[in-house]
């Protein structure tokens with residue numbers, strides 16, 4: 001089982017943000033350092049961490065926020081990956097590049113590296129900021145709606161928010177799509193940006209005794225919308241992975257309020273049971289990893305792209321997107 005690098009890194013970032021009165025987390029910081037080394041053992045066989053460069057970058061960022069030094073070799077691994085364009089595809093690439101840029105900026109700002117390396121990290125972070133601005137779409141979104149807060153954090157952390165036009169355009173797009181951030185993980189990414197902050201600001205927080213003003217909310221489950229809808233589900237697998245492009249094309253009846261994940265589950269229940277899929281749990285929700293026995297693998301540089309016909313990529317995950325009646329959804333094995 002791969003090390004839980006990203007999960008532990010997110011927990012340590014959250015722990016630091018809560019201003020803990022003592023330091024019972026020292027063992028967790030040590031464990032994260034261990035995970036970073038265990039994670040890298042995957043590069044000997046696969047050429048990348050066992051988890052992902054995103055989780056690896058989160059680990060370095062979390063250690064820096066806790067004012068812990070990181071071995072130069074660990075930092076060089078991320079620098080080399082960035083220079084060789086190994087950070088993924090579309091929104092995933094923006095996520096990873098942003099996390100790594102935040103880690104580089106933190107290490108340089110906290111003076112946890114020597115002067116020469118600090119200059120390299122600063123240049124790499126500003127280079128990432130420029131590439132994100134260039135990746136911005138006409139709608140203001142950078143990568144996808146969930147990667148946009150990460151890019152905005154980089155603009156804020158590097159100071160380019162004051163001079164980069166992409167910042168204002170991305171912020172406007174974010175404010176128009178706040179309803180997309182419905183999970184704790186996605187809220188945690190967007191809330192600092194709405195306050196003009198980034199995860200780097202956690203490192204310089206002045207913890208003081210504050211009154212406990214948090215109150216539990218009685219959240220009512222969404223009301224069921226009566227009726228049904230019909231969604232056309234298509235699975236495409238182009239060359240070189242398949243000889244036949246369209247592997248599945250069938251209408252799937254689902255309740256009106258059904259998400260894309262509900263559509264997939266309903267398709268799997270239809271007779272004959274010829275549709276199968278698998279997902280992987282992530283902090284952002286379930287991630288589609290396998291369809292009809294075809295697995296998307298990082299070492300093959302492919303992934304399952306989600307689109308609405310004819311060719312519009314989805315900006316939400318499978319558990320969040322709710323298709324319209326009569327809509328055609330395409331699962332396409334794509335290369336990054």
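Placed from the backbone N, Cα and C atoms, the Cβ positions cover glycine too.
Please treat TrEMBL annotations as automatic predictions, because they have not gone through curation.
Keep in mind it's a predicted model, so treat the numbers as computed, not measured.
Taken from TrEMBL, the feature cyanocob(III)alamin binding site covers 51, 52, 53, 54, 55, 95, 144, 189, 304, 305, 306, 314, 336. Among the features that TrEMBL reports, disulfide bond is placed at 64-106. If you look up TrEMBL, you'll see 258-334 marked as domain 'Transcobalamin-like C-terminal'.
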Counting other Cβ atoms within 10 Å of each residue's Cβ, which of the binding-site residues 51, 55 comes out lowest?
51
Per-residue pLDDT averaged over the domain 'Transcobalamin-like C-terminal' (258-334), given as an integer:
87
Given the binding-site residues 55, 144, 306, which lie within 10 A of residue 106 (disulfide bond) by CA-CA distance?
none
Which of 53, 304 has the fewest nearby Cβ atoms, counting only those within 10 Å, among these binding-site residues?
304
Cα of residue 306 (cyanocob(III)alamin binding site) to Cα of residue 64 (disulfide bond): how many Å, rounded?
35
As a quick check of your reading of DSSP, tell me how many residues in the domain 'Transcobalamin-like C-terminal' (258-334) are helical, how many are strand and how many are coil.
13 helix, 31 strand, 33 coil
In whole Å, note down how far the CA of residue 64 (disulfide bond) lies from the CA of residue 144 (cyanocob(III)alamin binding site).
27
Far apart in sequence but close in space: which same-chain residues, 6 or more away, have a Cβ under 8 Å from residue 64 (disulfide bond)?
70, 103, 106, 107, 110, 112, 203
Rank the recorded positions 106, 306 by the number of other Cβ atoms within 10 Å of each Cβ and report the first-ranked residue.
106
